[in-house]
Amino acid sequence: MATQAESGAGAAEKSRSACRHPLLFAVVMTAVAGYVDAVGFSQADKLYLSFMSGNSTRLGSALAQGDFSVLLLAGLVVLCFVGGAALGTLIMETVSRHRMVWVLVAEILLFATALALVLTGWGRLPLFLIAATMGMQNTAHQVVDGADIGKSFVTGTLFSFGQSLVRALLGRASARECADYALSWVAFICGVALGAVVVSGFGLVEAIAAVLAVLTLTAAGLRAGWL
């Protein structure tokens, strides 16, 4: 009975968080993360807003060199990312319906606040809010064809891609799992390229506004049931 109850709870959990086209959703979210990383890299002293391994390396290097300005900046970005992850987890664990929609709504509010702060000249403060959205976004990742994708970092994706290649050769994984990991990495790279083009060609305001539009459309699609 306990096993059946747990199984039922797991099914309910899945139904609350699932979307109609999880691969498309995950690819969009990964592309957004790459896009945001490119924007942050150009605006935050070559720090990242979604890639915390790189920021941790910069933090350690700054500590060794006594560069306290970079140390403070990197530390704040990491702290905001962790805070965003905590907030996203709180939403996913406590909201009973449309949880991914509410995670995206929280992201949208933070991006809108960041855009307002940029327009009113608040320096780098908007970037900390965006780092929080990237931590939050990881809570809405998807498992598609056995591939865990849709996160804001790709080191684990590439590692899993390598693993899935071997498992596929051994008949223990599908070719689609390999393809999904590869697609996730390509989406991240394309997002980085697009973010670099937009922020250099148009500016930070336009770059943030574009993400805001994509997230709004994505949230609307999830809520309407066509994404």
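In case you wondered, yes, glycine gets a Cβ from its N, Cα and C as well.
For 23-44 (among others), the entry in TrEMBL reads transmembrane segment.
Look at TrEMBL and you will find 68-92 (among others) tagged as transmembrane segment. Residues 17, 40, 44-45, 47-50, 52, 55-56, 58-59, 61-62, 99-100, 102-103, 106, 110, 124, 127-129, 131-140 of the same chain sit 6 or more residues outside the transmembrane segment (68-92) yet have a Cβ under 8 Å from a Cβ within it.
Look at TrEMBL and you will find 104-132 (among others) tagged as transmembrane segment.
Residues or ranges marked as transmembrane segment in TrEMBL: 152-170 (among others).
The transmembrane segment annotation in TrEMBL covers 182-202 (among others). Nonlocal intrachain contacts for the transmembrane segment (182-202), taken as residues 6+ away from its ends with a CB within less than 8 angstroms of a stretch CB, comprise 23, 26-28, 30-39, 42-43, 147, 149-150, 154, 157-158, 161, 210.
Feature annotation from TrEMBL assigns transmembrane segment to 208-226 (among others).
Residues 29-30, 33, 36-37, 50-53, 134-135, 137-138, 146, 177-178, 181-182, 184-185, 188 of the same chain, all 6+ positions outside the transmembrane segment (152-170), place their C-beta atoms under 8 angstroms from a C-beta of that stretch.
Counting only same-chain residues 6+ beyond the ends of the transmembrane segment (23-44), those with a CB under 8 A from a CB of the stretch are 50-51, 73, 77, 100, 124, 127, 130-131, 133-134, 137, 140-142, 144-145, 149-154, 180, 183-184, 187-196, 198-200, 204, 207-208, 210-211, 214-215, 218, 222, 227.
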